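Marked as active site, proton donor by Swiss-Prot: 203. Taken from Swiss-Prot, the feature active site, nucleophile covers 440, and the record attributes it to similarity to another entry. Residues or ranges marked as beta-D-glucoside binding site in Swiss-Prot: 53, 157, 202, 203, 369, 440, 489, 496, 497, 505. Residues annotated as disulfide bond in Swiss-Prot: 222-230. Per Swiss-Prot, the feature N-linked glycosylation site maps to 122, 384, 448; the stated evidence is sequence analysis. Positions annotated as signal peptide by Swiss-Prot, on the basis of sequence analysis: 1-23.
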């Protein structure tokens, strides 16, 4: 699941997009062929997952509850089908089968997330480390490596330990920074000899906007007038506070990893830890030398009209979604538009914090799914403060009754492959062309329980979606975007947060009523052919 980004499109860019769209088809109206060989040597292809959506075994193996366990059980009406991730798709027990599927498809890598409360059941070191959790992830990592699949490990994918939510309100408290860093260090120590790509946080935009502004995702906090009609929360302040603490936790953890575990040549030259502890070059080079980054999600937003107000609105939406995180990571502070419009509700970085956050990544993960239109929407006099209105922009999937692209199963999902290209080029031109991995990209279909299995496996819309987005990605790379890998969402059908099991994102079908049996969809067969070396 992913969300938005925005920038102005001039007439020249529109012509370029039209040319790209037309060039995507040959004279017969077919998409041009594409395969692994179309991409540079060493380009990584994989699939992604997350612990709560995939693992199941929610109360097994010593795992403590997360905020998603609490949210789905206390507020089942906030989930479309009133379901939860207690069983998910049972990857906790079926991980070997899942790795076999990846290997047979020809995938190079697998991005999974580690459940914080499976490692530290009460969220902090004081409650002890759960060795069963350590053993599970060791087994998963070893199984991946035995099948020549690279592990990409995400440390946080929306699932704050409930114990920390109870103790000090989770990411609303700066206390979580040290607890998160302690948890991350356990993972570096236990798995870092084999995991060479680490992600600190997945989609902080989703976590903070949906969890603290709209209240439609855990922990389900918002102002009473917002969509989630929450019992507690402040949609005008809490989203900014939570994400401020995530950025600080990210930066602290990146510094920890670089100084104690990574030891690249640059770190060896610059690190006071190495110098102060008299670590010589030989011992430093023998350590992990992995890479660490963060995953951001963004839509592409097209101005609703050619007016200046529409163009400015599109820029603001981008600032409030992608720039919220990229600006601090590149420039050390939030975008000017956010500082002006949010005012004192937006936390400030100290000089030391600004320097720490700036440049705190080896790569950026980008999750892209869909695009929308953006138009100017100034607030009315005396309006209530909320992140959802602070950008003074209105977002819509249609213009004059015509959608920006075909609508997928989810209400927010308008398919627009060109948006991936434009988003990548925007990052290239505005943020110094960092190393990027596309860490999620995919499309959902309705979970039609009356459909026969044979028909459910015919997901031609998904094949077309991947084909067009890979063409868009290749076009951006040819124009200089620094992309090193692509991960499809997702390997399997799974629990899709507030939509429960009502939609299916998998390239492999999961039969939830028959032992979680996996079946390859047509898109899985397409990927296998695409990935053939």
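Glycine residues also receive a Cβ, built from the backbone N, Cα and C atoms like all the rest.
Listed binding-site residues: 369, 489, 497; maximum Cβ neighbour count within 10 Å falls on 369. Maximum intra-site Cα distance, beta-D-glucoside binding residues 53, 157, 202, 203, 369, 440, 489, 496, 497, 505: 18 Å. With respect to their backbone Cα atoms, residue 369 (beta-D-glucoside binding site) and residue 384 (N-linked glycosylation site) stand 30 Å from each other.
Burial estimate for the disulfide-bonded residues (222, 230): highest at 222, by number of other CB atoms within 10 Å. Annotation note: residue 230 (disulfide bond) sits in a coil segment as assigned by DSSP. Once Cβ contacts within 10 Å are tallied over all protein chains shown, the recorded positions 202, 384 are led by 202. When the C-alpha distances from residue 202 (beta-D-glucoside binding site) to the recorded positions 122, 230, 384, 448 are tabulated, the minimum falls on 122. DSSP assigns residue 497 (beta-D-glucoside binding site) to a helix. Considering only the recorded positions 53, 203, 222, the residue listed as 'active site, nucleophile' has 203 as its nearest partner by CA-CA distance.
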